[in-house]
């Protein structure tokens, strides 16, 4: 999860987020090299005493600054497209959970079970227990098995919302009348926090998301109790 004065991205707990972190570093290095080159050229132009005012064209330079940006864009586009296809790939999910956005809470339904559904509201600040996080804790966490592919079906009952969990690399819009889907897989147990990431009204900041990733045996025990 995030911590105060954090400069980087949250720690990855899913294969997709690990790929996104690598892509971020890859793109950042390209931007750094371009910025350094531009700064170096500007410094040379400001400090040199050499001038050539009669130059009308320079085809070699024009060729270089046409081909080089094209190569750079390809180096950025190829890994980006690879990750986009990975995020859209859904193969034999072990569990399906339907998520509905409301003003201003989330509701969840485990579609593989006959009657396993609940609403998830933010816990008010005055009701928090010691150690709990302000504006991030909920009364009903989404308990899911780790190291298994989970499909999330996401929609909305009223206005636009967005279901986002940064540590898992997830952000999917919840649109009224439309059912979007995404997959998640956590590689380690723990609590993972997210929030609605689409401005949806006056209490937009007060509809957090909490995923509790647990071993399969614990999940089976929890689901049996809930049903």
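Quick reminder: no glycine exception, Cβ is built from N, Cα and C everywhere.
Since this is a predicted model, take the numbers as computed values, not measurements.
Features as listed in Swiss-Prot:
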| type | residues | note |
| --- | --- | --- |
| BINDING | 161, 196, 200, 207 | Cu cation A1 binding site |
| BINDING | 196, 198, 200, 204 | Cu cation A2 binding site |
| BINDING | 198 | Mg(2+) binding site |
| MOD_RES | 218 | phosphotyrosine |
| TOPO_DOM | 1-14 | topological domain 'Mitochondrial intermembrane' |
| TOPO_DOM | 46-59 | topological domain 'Mitochondrial matrix' |
| TOPO_DOM | 88-227 | topological domain 'Mitochondrial intermembrane' |
| TRANSMEM | 15-45 | transmembrane segment |
| TRANSMEM | 60-87 | transmembrane segment |
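Everything Swiss-Prot records as a feature, shown here on the structure.
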| residue | record | Cβ within 10 Å |
| --- | --- | --- |
| 161 | Cu cation A1 binding site | 30 |
| 196 | Cu cation A1 binding site | 25 |
| 198 | Cu cation A2 binding site | 17 |
| 200 | Cu cation A1 binding site | 21 |
| 204 | Cu cation A2 binding site | 17 |
| 207 | Cu cation A1 binding site | 23 |
| 218 | phosphotyrosine | 15 |
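Counting only the Cα atoms, the space from residue 207 (Cu cation A1 binding site) to the residue listed as 'phosphotyrosine' is about 26 angstrom.
Secondary structure from DSSP puts the residue listed as 'phosphotyrosine' in a helix. Excluding 161, 196, 200, 207, which define the Cu cation A1 site, the same chain contributes 101, 103, 104, 106, 162, 174, 195, 197, 198, 201, 204 within 8 Å (Cβ to the Cβ centroid), listed in sequence order.
Rounded to a whole number, the C-alpha distance linking residue 200 (Cu cation A1 binding site) with the residue listed as 'phosphotyrosine' is 35 angstrom. The binding-site residues recorded for this entry are 161, 196, 198, 204, and the Cα of 196 lies nearest to that of the residue listed as 'phosphotyrosine'. Same-chain neighbours of the Cu cation A2 site beyond 196, 198, 200, 204, judged by a C-beta within 8 angstroms of the site's C-beta center, are, in sequence order, 101, 104, 159, 160, 161, 162, 197, 199, 201, 207.
Here the CA atom of residue 161 (Cu cation A1 binding site) lies 5 Å from the CA atom of residue 198 (Cu cation A2 binding site).
Under DSSP, residues within the topological domain 'Mitochondrial intermembrane' (88-227) fall into helix, strand and coil as 21 helix, 61 strand, 58 coil. Same-chain residues lying 6 or more positions outside the topological domain 'Mitochondrial intermembrane' (1-14) and placing a CB less than 8 Å from one of its CB atoms are 20-21, 24, 166-169, 184-188, 190-193, 213. For the pair residue 204 (Cu cation A2 binding site) and residue 196 (Cu cation A1 binding site), the C-alpha distance works out to 7 angstrom.
DSSP places the residues of the topological domain 'Mitochondrial intermembrane' (1-14) in helix, strand and coil in these numbers: 0 helix, 0 strand, 14 coil.
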